[in-house]
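Report on one structure; see the data block that follows.
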């Protein structure tokens, strides 16, 4: 299986090379061999597979490969159903037995109200069945000439940013480009949309209508631009002195803009005066993600570090760090030179993390306890995005072997797997935004090589949708109470480290080059 491992490593490198800002001649040659490598890998997997071989399960040795296939159910499902579930089943059985008992007159007792657990199970089952029947229509929004790095949704509009230096505004119902916001001289890395009440405050400053909406864009040109959507005008440009790799608006007090740089610096800007309030050397590498939750700010970096900050408008410096959790806790090491991107999504005491591995990390930011949620059935999966909407956790997954891109849905707050959604020729998903329509249907937008709108169709819609809905039994009940990577996943990282260092010597480019040279959020 040595050749299988080598081919898998090469494909992982090629997929990440394709989303770099620019390629050297040597790298272009490597990328051109992707189809040939995938074909050869498929032949090898077919040759090594036995009658019970499960597709997409890749081992490290022949005996380990067999063990993964034959015991995949035991390893992934059974350990996740130990004493707790057995105890629940026994208690339910006892409750059913108690209900069936008769009193002295031979009359049965009235049914007991279902327990909270039974209600949750029934609700989950109903939700799962609804998603199994879900239909989506996909529409591609064409206009960007390079990779789409970020997207946000405002009412019926989608705003997207790209490496082609532009920000575009799209009208979703008609799938048309409404405005092209040109002004950045570098690739656009991040977007943020302030709430309406904060937009009204800024609109008064610029003598605009009260219903004006604004969007913020950050770029490698070291600028944050504030755009008025009605006119497409840039009303303000803030020079940050650093390439902007992430951006967040905090609706606390008068409001703050927080920017993260490719060198690990956080900068805070007043929404009312647009002046700098604070500069903090928060991370050792590029700040790849910023998210707010009430008066809290969460920052994540390419080296795999997560910081939690308290935001207050009564202090001279609004940010005060509460916790810092390093890569030894998060398991999101960025020193392998392969992914170098951490994305987070907070919910209460938990922070969901995606860092280019096959699982979604779940960090209790108060205690540092880590949990892993399986997001792919083998180590060949790459989790690029994690996001939330009410009662739903969404994780994207890309298979580096066959090039298949998938969206996995999990029910919140239990993190129980619902379904997987995919479509033919769906590209790798590098950014994701989601919202609900007035009728309660889902609308999503995914970005990467293409900008695609996912529109949920009503249940009465008779035609077949553009999306295939399936359930992967290997993802069921795979919430692992562990802060360590599996043996296979860690071996995959170690192998990639060796291979990346080798390629670095070939191309004379350091393995730990800036995250912005590899992928933009």
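Including glycine, each Cβ sits where the backbone N, Cα and C put it.
Features as listed in TrEMBL:
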type: COMPBIAS; residues: 87-108; note: compositional bias 'Basic and acidic residues'
type: COMPBIAS; residues: 484-498; note: compositional bias 'Acidic residues'
type: REGION; residues: 87-124; note: region 'Disordered'
type: REGION; residues: 482-521; note: region 'Disordered'
type: REPEAT; residues: 141-180; note: repeat 'WD'
type: REPEAT; residues: 211-237; note: repeat 'WD'
Which residue counts does DSSP yield for the repeat 'WD' (211-237) in the helix, strand and coil classes, in that order?
0 helix, 17 strand, 10 coil
How do the residues of the repeat 'WD' (141-180) split into helix, strand and coil according to DSSP?
0 helix, 25 strand, 15 coil
Confidence over the repeat 'WD' (211-237), expressed as mean pLDDT on the 0 to 100 scale, is 96
